[in-house]
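K.L.:
Swiss-Prot feature annotations, pasted as is:
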TOPO_DOM  1-31  topological domain 'Cytoplasmic'
TRANSMEM  32-50  transmembrane segment
TOPO_DOM  51-66  topological domain 'Periplasmic'
TRANSMEM  67-85  transmembrane segment
TOPO_DOM  86-101  topological domain 'Cytoplasmic'
TRANSMEM  102-120  transmembrane segment
TOPO_DOM  121-142  topological domain 'Periplasmic'
TRANSMEM  143-161  transmembrane segment
TOPO_DOM  162-184  topological domain 'Cytoplasmic'
TRANSMEM  185-203  transmembrane segment
Amino acid sequence: MATDTLTHATAHAHEHGHHDAGGTKIFGFWIYLMSDCILFSILFATYAVLVNGTAGGPTGKDIFELPFVLVETFLLLFSSITYGMAAIAMYKNNKSQVISWLALTWLFGAGFIGMEIYEFHHLIVNGMGPDRSGFLSAFFALVGTHGLHVTSGLIWMAVLMVQIARRGLTSTNRTRIMCLSLFWHFLDVVWICVFTVVYLMGAM
């Protein structure tokens, strides 16, 4: 009886330790996101200062294609929804559904990056690269930094899917899913700001 009680207490303490470690990691990730907020705030401020510095070159109205960017936006928004479904599946302990929803999220994110690469390539080959004007430098810096963050999120997501497939929904993998969720939804919010400030206002 005493042995059973001791075993139960040890297991409870071990589980409690896992929860504490997971909570600490998520808190630490929130701090990282705050630093990312500062980075993007600086990039937005730089863009606001340089937006009229076209040096006689093209303006936002000349280069932005809103229908194209809307498709990009919907891809990223849909990826946020599918990631939410992956989180729900995690709480239901359904490993296969978690992997399936993450894979769909990855495809939406990859589509977004593919369209962004196409947009950048189209601008550069037509002589509208970041060296053309202050406006274009700020544009490429802001949108490109967001794109690099999405790309890193896709790499993280691919690695996470492999880890879940091999080890299941362990407490460590659950913490990773939650941290990536914070990161992914943060990038959605940043993109909505980019879409509004850069593309919508620039196309007016």
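Using the three backbone atoms N, Cα and C, a Cβ is placed for every residue, glycine included.
For the listed features, I'd like the structural context: burial, neighbours, distances.
P.N.:
Beyond its flanks by at least six residues, the transmembrane segment (32-50) meets 134-135, 137-139, 141-142, 145-146, 149, 182-183, 186, 190, 193, 197-198 of its own chain at Cβ-Cβ distances under 8 Å.
Sequence-distant neighbours of the topological domain 'Periplasmic' (51-66) (same chain, 6+ residues past either end, Cβ-Cβ under 8 Å): 123, 128, 132-136, 138-139, 198-204.
Proximity of distant same-chain residues to the topological domain 'Cytoplasmic' (86-101), defined by a Cβ-Cβ separation under 8 Å and at least 6 residues beyond the stretch ends, is recorded for 161, 164-165, 168-169, 174, 177-178, 181.
Remote same-chain residues near the topological domain 'Periplasmic' (121-142) are listed as 40, 43-44, 46-47, 49-55, 57-60, 63, 194, 198 (criterion: CB distance under 8 Å, separation of at least six residues from the stretch ends).
Long-range contacts of the topological domain 'Cytoplasmic' (162-184) within the same chain, counting only residues at least 6 positions beyond its ends with a Cβ under 8 Å from a Cβ of the stretch, are 18-19, 21-22, 25-26, 29-30, 33, 79-80, 83-84, 86-87, 90, 93, 95, 98-99, 102, 105, 149, 153, 156.
Within the same chain, residues 33, 36, 40, 44, 47-48, 51, 59-61, 64, 66, 69, 73, 76-77, 79-80, 83, 139, 142-143, 146, 149-150, 153 sit at least 6 positions outside the transmembrane segment (185-203) and bring their C-beta atoms closer than 8 Å to a C-beta of that stretch.
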K.L.:
Could you tell me how many residues in the topological domain 'Periplasmic' (121-142) are helical, how many are strand and how many are coil under DSSP?
P.N.:
14 helix, 0 strand, 8 coil
K.L.:
By DSSP, what is the split of the topological domain 'Periplasmic' (51-66) into helix, strand and coil residues?
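P.N.:
The counts are 5 helix, 0 strand, 11 coil.
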K.L.:
Would you list the DSSP helix, strand and coil counts for the residues of the topological domain 'Cytoplasmic' (162-184)?
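P.N.:
Counting residues by DSSP class gives 20 helix, 0 strand, 3 coil.
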